[in-house]
Amino acid sequence: MSNLAPCVDLSNGQKMPVVGLGTWQLQKNEAREAVKKAIDVGYRLIDTAYVYENEKEVGRAVNEKIATGIIKREDIFVITKLDTRHHKPMLVERACRESLLKLSLDYVDQYLIHFPVGEGFVDYMDTWKAMENLVDLGLAKGIGLSNFNAKQIDRVLKNCRIRPVVNQVECHPGFNQKKLIEFCRQRNIVIVAYSPLGRPISAEKWPPYLYDKTVQNMAICHCRTPVQICLNYLLHLGVIVIPKSVNPDRIAENFRCFDFQLDPDELKVMDDYHTGELITFN
């Protein structure tokens, strides 16, 4: 289908779409409707987590679309994450199976450690070794990290049996993560950007990279919107983006960000919005 986003090749052989739907803070029914709309638009990557408390509705939407024949299970890339309460190795498989039960899926395409620090100060390397078993059992096609820094990633790589394929972190023009992106690229790990739009506040015209006249003019030149300019910039950096929305029009708008290219001067404009300031963890 021509309306699907391109994919990147991960180090374990998986192909992962470059644009997905984030579902953080999406309440139960709105998560279900957002996922259904996203699949209709062309999204084939859906991101959720145990702590989001919407896995059941995400899974219901995915399975409804499979049942209608719009997609097959192998067409959709589903990510969920291990909660900090389940870092003890004895709890990891149980937590994954609980997520799969909620999702009504036999496996997830990726299972991530949501944060490097869990309850009880469990060493994340012990957690990682239990994560590797999930791949052996066929419960997860791939495993990865979320909110890990370079030092923590290096420690995993030096001590792992199965390598992490992604690291999901906050990434947007205001905090473009260029150093971490390059660090991970050299180690065949792909960055997945959550909060890629910086959590806009329209009443305050924030952040500037969505409201400044320069970006608005850039968008006009490409017959796009500032949102699509922002997401395209991140794709240029080599990251996968998972913008979140429940609005059908915005879900469609967010998706149409991969089929044009910013020129070097435009990329420099976007680079200059980097402040080095995080918003918050996801």
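Positions of Cβ are set from backbone N, Cα and C atoms, glycine also.
Curation plays no part in TrEMBL annotations; they are all automatic predictions.
According to TrEMBL:
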DOMAIN    19-271  domain 'NADP-dependent oxidoreductase'
ACT_SITE  TYR52  active site, proton donor
SITE      LYS81  site 'Lowers pKa of active site Tyr'
BINDING   HIS114  substrate binding site
| Winner by Cβ contact number (other Cβ atoms within 10 Å) across the recorded positions LYS81, HIS114 | LYS81
| request: Please work out the number of neighbouring Cβ atoms within 10 Å of the Cβ of the residue listed as 'active site, proton donor', leaving out its own Cβ. | output: 22
